[in-house]
Amino acid sequence: MKKTLLALLAATILSACSAPDEVLFEAIRAKDTAHVERIIAKGNVNLDPPQQPNQVNKPLAFAAAYGNLEVVKLILEGGADINGQVAYGDTALIKAVEHDNWDVATYLIEQGADVNQPNAFGVSPFIGFCALGRTDLVQLALAKGGKVNAHFAHRTEQNQGKRNYTALQAAVAYGKTDVVQILLEHGGDPTIRDQTGKTSLELAREKGHADIVDLFEGRAPGLEARGA
C-alpha cells in the first residue's frame, strides 16, 4: 500500500515539474544515486521550488520519503534548504519520520534540520520522536535544541482534533516510559497542563500507564498538589 501511494505521489509531482526537474525526480524514485549526482552537477534543476499545495515538490523531501541516504546527502550538498516545507508544512525531516527512514532522519538532524519546526497540524519532529518512543532520536534532538516544555498541537487518531501537548505529555500519552524518564532528566515539567487542563500525571492515569504514574510519584512526591 505504501509503495502504491508513493508511486501515485511521484506521478503527481512529475506532472508539475519542468523537464530537468522531472528527470531528477525519476532518478530519486529509482534510487539512482549516480544519475542524481550527474543531474545536480549540471546545475539546471531547482532544488528549492516554491511550495505547491498537496505536493511533495522539493527534491530533498521527496528523497527523504524514499529513504535513500546517499541521494539525500547529494541534494543537501547541492544547496537544498534543509528546512524547506512542502505540502501541509512538512519538512524533509518530517517526511523521513513519516516513512520510518531513521537513518535519513538521524543524518538530517546532525546536519542541522530543525527538530522543533511543526507542520500545518502542529506536529514537530521532536514531538514525533517522543510519541514513537525513539529514545535515540530524542537524545539527539535534545542535544540539538529540542524544546522540552514547548507546546505543540498534536493530532491524535482518537479524536482527530488538536491537543496542545508538550514533548513530555506526548510521551506520557503514548506510554513511552523511557522517553518520559529522559525528558524529566532534561527539565520536562510535569505540572504543565494540556489543552484539556490535565497535567502529565493526570494524563498518565487517564491512559492507564501505571509505570509512568509510579515514575512521577517516585521522582516527585506531592506532584499532584503542585499541579493544582
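Any Cβ shown, glycine's included, is placed from N, Cα and C.
The signal peptide annotation in TrEMBL covers 1-18. Here TrEMBL flags 55-87, 88-120, 163-195 as repeat 'ANK'.
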Long-range environment of the repeat 'ANK' (163-195) - Cβ separation under 8 angstroms, sequence gap at least 6: 126-127, 129-135, 138-139, 142, 146-154, 156, 201, 203-204, 207, 209, 211-212, 215-216, 219-220, 223, 226-227
Residue counts (helix, strand, coil, in that order) that DSSP gives for the repeat 'ANK' (88-120): 18 helix, 0 strand, 15 coil
The repeat 'ANK' (55-87) - residue tally per DSSP class, helix then strand then coil: 18 helix, 0 strand, 15 coil
Integer average pLDDT (0 to 100) for the repeat 'ANK' (163-195): 93
